[in-house]
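Read through the structure below, which is laid out as structure tokens, and then see the notes.
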Amino acid sequence: MAAQDNFSMDGDDLNFGEDRSSSPTPDNENDLDYEDELMEDFELEGYADLADDGDELYNDSPVKSRPAFYHRSNKAAERSALRTRVDESDSFLLIEDSNHASTPAPNARTPKFTRRRRGKNTLPDFSKKVSGELDSDDDMMMTMREKGYSDQQIAEKLVKEGRKRYDRKSVSTRISRIKFAQAAQVDTQLEEGYKEWTMDDDMRLMEAYNLADIQVNYEIERVRAWRFRKVSDTMRKLDKDSIYSEKACRERYQALIDGTARIPTEEDDNPDARRAELEQFRMEREDMRAKERAEKEKKEALDRKIKEDAKLRQAQKSEETALARAAKAEAKAQRAMQRAAQNQMRLERAHENKLKKSGKLESMRREKAELAQKVSDANSNEKVKVNMLADLKNVTGDTKDPRSVLTLEDLQALCGQRALDPEGRSKEELVQRLKDADDKFSAAQLKNMCRAKGLNVAGTKILLKYQIALVEARKFPSFDEALLAADEEEEEGDGDEVTQDVNNEPIDLLQGADDDEDEIMFE
């Protein structure tokens, strides 16, 4: 423990509190002052009147700058000569012109007065002496650094406000130099008696000392943590056969300090007993390692068995899942095939039904046509079928109502069907009552009624009402009897064929027909 209490660090190996960044030392600062003096004494021959005493030429770039009279190419010398013009009033002008003359380049070397620009539309780098008295630029840099701004932000802020341009890498260096200059200025003031310590400063000094001591102790402990790593490396450097790890060095050193370290076997008073004891210890350790190895192998075998069983169960589960999916897919395919077969059978039945229906319809049409032919053949006097539209061409408002030929009983029954009063003294009264009821229907209603009865909807309201009245009259047997009596009277007359003409013109049975059927047969 005494060795630890007397712990000391060599300045060559360890250096606490030193900033390893690019902060300058007092020797570097003296070198910079020496360069400034050289620049002040330097005078370019022939251009002494162009120098400005207030301008400070300082190169803070780590790259060595070119000399003032560096041998440049003819093209660069030509451009420099064209940009530099000196008039009689001893004024200095820099003119940027993209148009260059085609004159040959001069042989004289053009001097370089300032640092070459870094790029287009960029400000050159400036440098000035560091002092304890801060100007506006240095004050802004210190203020922004206290507020936590980065070097890049500080440099961009200076350029944005049109101040001196500093590279972001030189901001931290300048701030460190300013702090050193301020501290040196305060030291001078303390030595000369211009400033003295105050009570608040003393209190802050003690507080800062305690905080710094905590940080130093932390750094010491951090270094002590890897001390024996250095010890192990150093032992290997001293003797290449001394290969000891950091752990071994620490344990041996601690045992030596505590006095618990065992002396080497060759240095023991009874080396044979030590060798036997060491051999016994090795055998015990080997037995222990063998047991540990056997337990480890047993555990690994058990783990492998568990993993293999898990893989087997997973494989079985996957196989069962695959079989279930295959069975499900097969059942689904069977159902699809059954549905397809049922659909095919349904289509076939539908086709057969369609054929049967079409055949039945055709047979019905054929039977109807045969029946109509038989009726036509049985009626030898019927030469032409009376078309309703042909009859309707002669219908006017004065045409006799077809229902007037019905008997009184039939007219009363018709009025009852129409929800009209069936009481009446004569047929004319009942017919007029039916006609008044027909007049109450609109044209659209009359057309719907005609369409429902299978009649032609072309024509005026008079024609539509006449068709409806004719259909209603044909329902009663008295109308057929009246029609038959009229036919017999015509046959007893001149015996001409039953044909109708209008104004001695042939009847066009298709004129004005909107429906597909040319004839309308009343049942």
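Heads up, the Cβ atoms here are built off N, Cα and C, so glycines get one too.
Now, the feature entries from TrEMBL:
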type     : residues : note
COMPBIAS : 75-88    : compositional bias 'Basic and acidic residues'
COMPBIAS : 307-333  : compositional bias 'Basic and acidic residues'
COMPBIAS : 334-345  : compositional bias 'Low complexity'
COMPBIAS : 346-364  : compositional bias 'Basic and acidic residues'
COMPBIAS : 486-499  : compositional bias 'Acidic residues'
COMPBIAS : 513-523  : compositional bias 'Acidic residues'
DOMAIN   : 133-187  : domain 'DUF7626'
DOMAIN   : 406-438  : domain 'SAP'
REGION   : 1-33     : region 'Disordered'
REGION   : 52-135   : region 'Disordered'
REGION   : 307-364  : region 'Disordered'
REGION   : 483-523  : region 'Disordered'
Next item on the list: Quickly jot the same-chain residues contacting the domain 'SAP' (406-438) by Cβ under 8 Å, restricted to those at least six beyond its ends, or write none.
Entry: 465, 468-469, 472-473, 476, 478-479, 482
Next item on the list: Within the domain 'SAP' (406-438) only, compute the mean pLDDT.
Entry: 80
Notebook entry, point to check: Counting each residue once, how many in the region 'Disordered' (307-364) are helix, strand and coil under DSSP?
Noted result: 58 helix, 0 strand, 0 coil
